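Visitor: My questions will all concern the structure given below.
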Amino acid sequence: MSTKYVFVTGGVVSALGKGITAASLGRLLKNRGVKISIQKFDPYLNVDPGTMSPYQHGEVFVTDDGAETDLDLGHYERFIDESLTQNSNVTTGKIYSSVIEKERRGEYLGGTVQVIPHITNAIKDKVYQVAKDRDVDVVITEIGGTVGDIESQPFLESIRQIKSEVGAENVCYIHVTLVPYLGKAGELKTKPTQHSVKELRMIGIQPDIIVCRTEKELSDDVKAKIGLFCNIDGRSVIQNLDAENLYEVPLMLHSEGLDNLVCEKLHLGCKDIDNSEWIQMVQKIKNLKNNVKIALVGKYVELHDAYISVVEALSHGGYANNTNVEIKWINAENIENSNAQELLKDVDGILVPGGFGDRGIEGKIAAIKWARENKKPFLGICLGMQCAVIEYARSVLGYEDANSSEINPGTNYPVIDLMPDQKDIENLGGTMRLGLYPCRLAENTNSYEVYKNEIINERHRHRYEFNNEFRKQITEAGMKIAGTSPDERLVEIVEVEDHPWYVAVQFHPELKSRPNKPHKLFVGFIKAALEENKSK
């Protein structure tokens, strides 16, 4: 069977959930025995989101092969339970950069380089490359932005051309739109959807399926009206109601017949669907018996999407412990030693996530100090691990100005320092320690207890590391080195003795957590928080 292609576009407004729609379809097709892969096209000119502010873009999701990508790839991986690659996220910047590099090398033989065909061909190559690399039945591609955005036009033209190249029977266009409900009028308005589809058809794309985000159910009459004016069958108009939990969305879209429509359009000959595992998981999520409150002490807490994988991983850890996780968001700039007790006294665990720069550092250190001294379950991630080492050096070893050389280049005690291979790097984009690396765990540690493995593999995104010049002093003072690189050169995990759960890791465990396969560190952390809750 030739590879099939599904393209998911969006209209009316952004943030409609195209990514969740694509991920949900991927899950449904996988549950029908179809081999799938998903990719995201982002129309911005950045080569990748690695240097973008979290306030601009939300979380940067890192793949096994070290690509810094859009947060939607996190949704894709969590839903389809497969690891993606750098080819799964393509930006305008990446496309233009590759085309210009080819032009400089003379690969266009002196021809005039244009958007059509050179940019569009490069975009199409990225779609075909995923099909080739992954040996899949279906490639699902989400086009970022909304129809009508000038930045999206080369991508839309490219997916229009793909239909001509591979045949109409091998392509399905899904358009996600908004059907707003006007409370005063008491009716759903279909005109925005009609105009969005009109815009799409003007550039040569006729959607096969329209997924309508709505807060009210669409009647058959409303679906028929949308179908009539958008030139599709009424049953190809799918409602996507707001869900209490993201993981309900695949089941809701299945009940609307989305996967059946795609299988019919692409002549996939799918097996009967087996959603039993997913249904069981969703039912479990709806009936959690316990509750814990976790403080998330970060610098971007106003935008929860900046920590979306951490939030999801905490929830996954809760599912494994039959526990609902409530997050108490604490701005690291608002916490200090004098008010830590007041801000943290009602929580069952404290998590300090990753980040960059000096803003909020002292607040993170204050939260970690309180967690250590009050024996409150603590999980530090990336910068959170570095802050844990700094706090320990200051409070236990008495190195009052201990710091990271990132924060204070003049510190007398740079317990966190720039990695040697990072010292001569000038460009910021794509130059950190990125992607999957192995780690050897020490026995008789919390980390070894939860992983139950000597060698683990986790994803990294950092430039700074534990400074080995201080390893002897810090370990002799009671901080355990619980995990290192296999050559023991890099410290990856630290723990504190005589504490119920104090684990800080240099890597990002949240990036590998899945709802059906919660990450073991988060399972252990929430278990410790639950024990803390029950001991009150």
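Glycine is no exception: its Cβ is also placed from the backbone N, Cα and C atoms.
From Swiss-Prot, for reference:
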type	residues	note
ACT_SITE	HIS508	active site
ACT_SITE	GLU510	active site
BINDING	SER14, ASP149, ILE150, GLU151, LYS189, THR190, LYS191, PRO192, THR193, GLN194, LYS225	CTP binding site
BINDING	SER14, LYS189, THR190, LYS191, PRO192, THR193, GLN194, LYS225	UTP binding site
BINDING	ALA15, LEU16, GLY17, LYS18, GLY19, ILE20, ASP72	ATP binding site
BINDING	ASP72, GLU142	Mg(2+) binding site
DOMAIN	293-535	domain 'Glutamine amidotransferase type-1'
REGION	1-268	region 'Amidoligase domain'
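Each of the listed features needs to be described in terms of its position in the shown structure.
Guide: Residue density at HIS508 (active site): 24 other Cβ atoms are found within 10 A of its Cβ, drawing on all protein chains shown.
Cβ neighbours within 10 Å of GLU510 (active site), excluding its own Cβ and spanning all shown chains: 29.
Long-range Cβ neighbours of LYS191 (CTP binding site) (same chain, at least 6 residues apart, Cβ-Cβ under 8 Å): none. DSSP assigns LYS191 (CTP binding site) to a helical segment in the three-state reduction.
Around THR193 (CTP binding site), taking its Cβ as the centre, 28 other Cβ atoms fall within 10 Å, counting all chains.
DSSP assigns GLY17 (ATP binding site) to coil in the three-state reduction, outside any helix or strand.
All protein chains included, ASP72 (ATP binding site) registers 25 other Cβ atoms within 10 Å of its own Cβ.
In the predicted structure, the domain 'Glutamine amidotransferase type-1' (293-535) carries a mean pLDDT of 93.
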Visitor: Fill in the CA-CA distance, PRO192 (UTP binding site) to GLU510 (active site), as an integer in Å.
Guide: 38
Visitor: Consider each pair of residues in SER14, LYS189, THR190, LYS191, PRO192, THR193, GLN194, LYS225, all listed by the record as binding UTP, and report the largest Cα separation in Å as a whole number.
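Guide: Site span for UTP, by Cα atoms: 23 Å.
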Visitor: Of GLY17, GLY19, PRO192, the binding-site residues given in the record, which has the fewest other CB atoms within 10 A of its CB?
Guide: PRO192
Visitor: Using Cβ-Cβ distances, find the residues under 8 Å from ILE150 (CTP binding site) that belong to the same chain and are at least 6 apart in sequence, listing them in sequence order.
Guide: none
Visitor: What span in Å does the ATP site cover, taken as the longest CA to CA distance among ALA15, LEU16, GLY17, LYS18, GLY19, ILE20, ASP72?
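Guide: Farthest Cα pair among residues binding ATP: 12 Å.
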Visitor: Relative to the Cα of LEU16 (ATP binding site), which of the recorded positions LYS189, THR193, GLN194, HIS508, GLU510 has the closest Cα?
Guide: THR193
